[in-house]
Structure formats: structure tokens, C-alpha cells
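J.: Take this structure first; my questions come after.
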Amino acid sequence: MTQLLRRKIANIFGQKTTNFMDGVHDDTDERIALNANSEPSSNHFEESNSRQLAMNVDPSIHLTSWREQITFRGVVIGASLGAVFCIVVHKLMLTAGLFPTFNTSAGLLSFVMLKGWSWVSGLMGLKGLALAPQETTVVQTFIIACCNLAFSGGFALQLGALSNSTWAIMNTPVPLSGDSVQETDEPIISKTIPLLLCVSIIGVFTVVFFRKLFIIDYQLPYPSGAATGVLINGFFTKKGEATAKRQMNMLVRWMSISFVWGFIKWLYSGKACSVCKTAGITCGGFAKFPTFGLQALKWSWNFDFAINLVGTGMICSHAVDWSIMLGAILSWGILWPVINSKRGIWYPEDTDQSSMQGLYGYKIFITLSIFMSDGLYSICKVLLLSILDMRKQMSLGSTLVSSVDNESGIGTIVGPGQHLSSVDEMDLLKGISSEESKVETFQEVKETEEEKQLRCQVFLADRFPWWLSVLGYLSLMLLGTIVIPLLYPKMKWYQVFTAYLLAVLLALPNTYGDGLTDWDMASMYGKLSIVLFAAWNGAEGGITSGLISCSIVLVATSTAAHLMQDFRTGYLTLSAPKAMFVSQVVGALMGVFLAPLTFQLFWSTGEVGQPDGPYPSPLAKMYRAMAVVGSQGLANTMPPHCGALSLLFFFITLALNIARDFSPAAYRKYLPVPMAIGIPFYLGAYLAVDMCIGSLVNLLWTWIDPLGQQQLSMAVAAGLLVGDGVWTIPASLLAMGNVRAPLCMGFADESLTA
């Protein structure tokens, strides 16, 4: 009866399905094909061959159809963890402006939650499906697709830059030339949800047609996706099961500690007592703890006990952490104090600290020059290397052994063991990946010839017709061209149409470059679109059109890169591509609603964007400054001597990038990462202190117990991040209920307390 129902459903949708569940097949199953366009006899041969290959690789492998990999418990867990990770991303972006890769953390938590679901079901006497790598991969994809919209949706970036609070801070007390209050729009649900609905999955349709070309033919490593696939596969080995139990215990322990610590910090964050109102008293609880003294605290040098940032430091590489510290020393230790000493010479003595014509303006534009220099260099480099690498593929075309029709995707299948990437280009890129992720090298995942054949067969079993990409993209383009101008009237329909075309042009090189370098350049492409569209509109609507175009380009390019990383994970875990595609689409649609809703937890406090508040949203000011520069030009926006200093740091960043890429490998690791240097220039030295503590924890742990650090550090970091994110929920509810912390902790000079 079940098989008859499955057959009828398959006939309705014009598809054929596969059933390898537990290796048990009846006569009907033998007729179910892997390739919808092949003859029955070849289908039977291919299916039998896949089963035989799976038995040869590992008798415990059970290949299931894509529908069986998407389960009810998987959707529930994916939505729940997606919401939690949205909160974590919002918190990091609103406080530190950071978005580290969460692929491995999401993979670990997916396994833990699925394991917990199975355990609870067993206690209740319910018999559920056996846990498998494919289901874990699907849940991980749900989570990443969902929380990615919390980043690329731009709540702390372009949409935050449009808010009235960001405009007020940048135009008080001295108005910024050309920055009108008419160019503001609050990130409310009635606008953000329709906007994200128009842009959330355009990246998916852009690159799904190229999955075979990038994963099978070109064998791009996609290091983060590969690391996640190896991690998930490891959970389902005997040794991996024991390690997974240790990771589960460690994650729960540190998640609980992080949650409790968040509550303790809140208890001492009161500001209503009379002492706090006394001049010269530094209040703010643990966040304003004068670790290095009160004078150092004035220049943001302190450990603020933000253990979510300590966890971020554990996730990032040592090169990134210590580059951030170098940036903090250069800016908050040298440059800003020197510029501040020019007060009354370079700019008026009575200039407000938050004025764009004072020290605040220098922070914005010098930091912006570092980001733009690094971004433009990186875009040119990745595009150039991608072109060179693709030319290398074409020059080796004579070695290809077979081709496929367009329904499988563009490209051809390479011979066994053949890798088409240029060695020289990959060597050049090795210096990048280790700083941008926990994946330290581009070594291929070791696999036998039988494993490779099995993975290729499973990966190519599902077909995506070419018209699916075209129809999906054109439908969303039409929807966006109609809806977005209604939401933001200053952006015209033809500008939206152009932004969609630009998005598809940039999504492909970004996805290819991400496969080579593990470096998602989406934010760089988003910044580029801000300047281009702001300049297009000029003084009338330029800021709004620039920032909204960023939403289209940023979401499209970021989603495309994440999808291909997830395809790489699915390739290694034998997950059906259709299951990966569906989970990416469903996860993104979840994010359309969950990302704006979870952002309201922060927005409703009324403290988003406030420089001295818990959620300063630092990058929102940066993005608005870019839009102002694009629409007005540099001359009317910079304070005195700021242009020369910005140009100096632009070329220093450029020179440092060139030095990193062309210096010998033995010396390259000692050169700092330019983008990481620029991060604390605006945010503050506290960020460097927090993240370097995380780096020191890893160093000491490696020295004491190298194996334990390798196995458990990611679980500890994930626990710190998730626990802090979960605490945000009750903290926001308390703020909405106007419940204030009962205790206050402030610090003052001894002369004031005598």
C-alpha cells in the first residue's frame, strides 16, 4: 500500500524516487530509478551498483530517498535551532560586527538535538527512525540557511543604516552634508519580511544548476562544507560516537555556564542609583570593568566579560585574533589618542564626541578605507584567480571521460583521482583560508575509489532541469521589481531590476571563489553595490537605493555560496541533492520570518544603535557612511586631514595584502590579516582583548591536551555562543517589561570616593 501511494505521488509530480531504506527492497523498489531519463535496465543496474558500492565501502551505510531524509523532527529541530542561531548572529553583529562560520557548530548541535529527540522518544516508548548522517546534514542546512538571513538580511548592516537612530547619531549635533532624515526607514516587520521574501532564495536558483560543475568536475574543496561533512560522518563511527558524547556533555555544560553568566552580568548592570549619576563615575557593571585601569578604560581597553566573544575567538584562527589585537594597538593605543590631541587644531575644541566632524568621523572614514581597500583587492584577486583556474579546466578538457546532458547540470565528469585545480594558484590562496576559518589547509578529503564512485552516483542521482533555475530566478525578479519599490519608493523599479541582474553576475564568481578560498565575499559585493547605486541616484534617494540594493546583492551572493558549501557537505555524507536543495529553500523561508522576529527582541529594547548601549550596531554607521559618500562624494563629508589619512591606510592595506600573497610561505603566517586589523579601529579594543583570551585558551589547551583541544574546543565555543544567545530572550523580555537590574556596579577614581 505504501509503495503504491509513493508511486502515485511520484507520477503526479512527474518524478521517480529511490528507496534504499535499510537495504530492503521488493520488486517495486527494483524498478525505481536513480536516473529519470535512463532505460529501466540501466536503472536497475545503477541502483544495484550503488547498493553494492555502499556495501563495499561500509555495510552500515543505508541510502535513503530524499523525502526520507527530510523528517518531521528534522524540520522542528531545524526551526528551533535556526531561531537560536538567528539570535546569536544578531547579538554578534549588533555588538562586535562579526559573523564567524557556524557550519561545524550547527552540525554538532544538529546531531546533539537529534540524539536527544531519539532518547526522549525511547523513554516515551515511541519507536522513531534511526539517526543517520543524511538527516543530520539536512538539519544543519536548515540552520545555516535560516541564520544566514540574520546576517545578510542586514539588520545590523544596511537595514540598520536606514534606521532613524543611525541617522540621528551621525547627524548630531552637526548635520552631515547631504544626509537627510527623509532617507530613513525603520526595520519593522511589515517591511523586512516582504523584502526578505523577495530576495531570500534568489541565490539558490542562481547556482543550483552549477553544482556538478563545481563539486564533481572542478572538485573545488569548499573547506567549511568539507569540514562539516567529515565532522558529521565522524559521529557515526564507533570512535566518533564516543567523541560525540564528550562533545555533547561539554556543549551542554558550557551552554549552561554561559546562560547563567549572562544572568549574573544582568544583575549588576543597573544604572538607576545616585552614585551612577555622579560625574566621573564609570558605570555599566562587568561591561565597564577597568581591567587595565580607568585611563585605559577611557580608550576601551578592558575585558568586558563577554564570553560569547571569547567563544568567537576560539572559533577564529590565531592569525585573525592577533591581527585584531594589532589593529587595536594601532588605533586605540596610538592613532585615536594622537588625533584627539589635535582637538582645537584640526577641528574645533567644542566638537561633540559623536560628531562626524570630530574624532568620530576619523574613526568612520579611516576604518572604511581599510575595508574598501581590502575588499577591492580581494574581489579583483578572487575574480582573476577564478578566471585563471577555469581556463586551466578548459585546457585540460581532453582528459575528460564523459559528458552529461543539461538536466544534470553544466559540465563533465573527470577521470578517477583527477584534480583540475591549478597548484600554483591554490598555493597562493592557502595564505587566505587559514585566517578566515578553522580549515587550515586545502588538502582533499581522503577517499577510496569506491567511496568516490558511490558519492558521485548519489550526488548525480537527482536531476535539476535547467528551466528550474531560470523560472525560479525570473519569478523572484518580477516579484522584487514590483514589491520593493512599494516598500522603499526612493528606489525605482529599473534600479531593482538592475540590482537583480548584478546579483546573478556576482553570485557565480563569489560561489566559485568561496570554493577555492573558503572566503565568502558577499559583504564586499554588497558594499560595492552601495557605492554604485548611491552614485546612480545622487542626492535624491541615493542613500536609500544604495542600501536596499545592498540587500539584494548581499543576500543573493551569500545564499549562493552557502548552498554550494552545503552541497559539498551533502556530497561527503551521501545526502540527496534534492534534500539539500529543499532544506536550503525551506530554511531560507524560515529565516524570512525568524530573522525579523528575533531581531525584534533587540529592537524592542530601544537601545539598538546607541553608542553606549548594549547593542551599538557599529557597522550600520559604516554602511550609511558609504552610502553618503556614494551620493555626495568625499569632499563634503570628511573632517580635516581625514582624506589624507584614509588614503594612507588604503595603500598600507593594499601593500600588506600584496605582501601576504607574494611572500614565501614560511614568512606569510607572520604577516597580519588586513581586514582583521581594521575591525577594532571602530569597534574598540575590548573586542581584541575578548577574542585574544579565546585564542589563549586554545593555545594553552593545545599545550596541555592537544587531542582534547582538537575534539572539544568547537563544542565549548558553540556552548558559549548559544548559551549567551539563549539568555538574550529573557533579557529582552525583561527590558520590554521595563524590569531593571537590581544591582549596580561602577568604578571611580579614589579621589572621587574619598
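All residue numbers here begin at 1 and follow the chain in the order shown.
Cβ coordinates are placed from backbone N, Cα and C, and glycine is handled just like the others.
According to TrEMBL:
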TRANSMEM  70-94  transmembrane segment
TRANSMEM  106-126  transmembrane segment
TRANSMEM  138-161  transmembrane segment
TRANSMEM  319-339  transmembrane segment
TRANSMEM  359-384  transmembrane segment
TRANSMEM  464-487  transmembrane segment
TRANSMEM  493-512  transmembrane segment
TRANSMEM  542-564  transmembrane segment
TRANSMEM  585-603  transmembrane segment
TRANSMEM  638-659  transmembrane segment
TRANSMEM  679-704  transmembrane segment
TRANSMEM  716-736  transmembrane segment
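How buried are the listed features, and what sits near them?
T.: Outside the transmembrane segment (70-94), and at least 6 residues removed from its termini, the chain residues within Cβ reach (under 8 Å) are 100, 102, 106, 109-110, 113-114, 117, 128-129, 135, 138-139, 141-147, 149-151, 155-157, 308-309, 312, 579, 582-583, 586-587, 590-591, 594-595, 597-599, 601-602, 608, 615-617, 619, 721-722, 724-726, 728-729.
If one looks beyond the transmembrane segment (106-126) by at least 6 residues along the same chain, the residues whose Cβ comes under 8 Å of a Cβ in the stretch are 73-74, 77-78, 80-81, 85, 135-137, 139-140, 143-144, 147, 228, 231-232, 235, 244, 247-248, 251-252, 569, 714-715, 718, 722.
Nonlocal intrachain contacts for the transmembrane segment (359-384), taken as residues 6+ away from its ends with a CB within less than 8 angstroms of a stretch CB, comprise 331, 335-336, 339-340, 343, 351, 353, 509-510, 513, 516-517, 519, 521, 523-525, 527-528, 621-622, 625-626, 629, 637-639, 642-643, 645-647, 649-651, 653-654, 657-658, 661, 674-675, 677-678, 681-682.
Sequence-distant contacts of the transmembrane segment (493-512), counting only residues of its own chain at least 6 positions beyond either end whose CB sits under 8 Å from a CB of the stretch, comprise 202-203, 206-207, 210, 214, 220, 382-383, 386, 389-390, 473, 476-477, 480-482, 484-485, 520-522, 525, 529, 533, 536-537, 545, 548-549, 552-553, 556-558, 560-561, 563-564.
Residues 96-98, 291, 299-304, 306, 309-316, 318, 320-322, 324-325, 327-333, 363-364, 366-367, 370, 618, 621-622, 710, 713, 717 of the same chain, all 6+ positions outside the transmembrane segment (679-704), place their C-beta atoms under 8 angstroms from a C-beta of that stretch.
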J.: Which sequence-distant residues neighbour the transmembrane segment (138-161)? Criterion: at least 6 residues beyond either end, Cβ under 8 Å.
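T.: Contacts with the transmembrane segment (138-161): 69-71, 74-75, 77-79, 81-83, 85-86, 88-90, 93-94, 97, 99, 102-103, 106-107, 109-110, 113-114, 187, 192, 196, 200, 228, 232, 522-523, 526, 530, 547-548, 550-551, 554-555, 558-559, 562-563, 566, 569-570, 575, 579-580, 583-588, 590-592, 594-596, 598-599, 608-609, 617, 619-624, 627.
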J.: Of the listed stretches (319-339, 542-564, 716-736), which one yields the highest count of Cβ-Cβ distances below 8 Å with the transmembrane segment (585-603)?
T.: 716-736
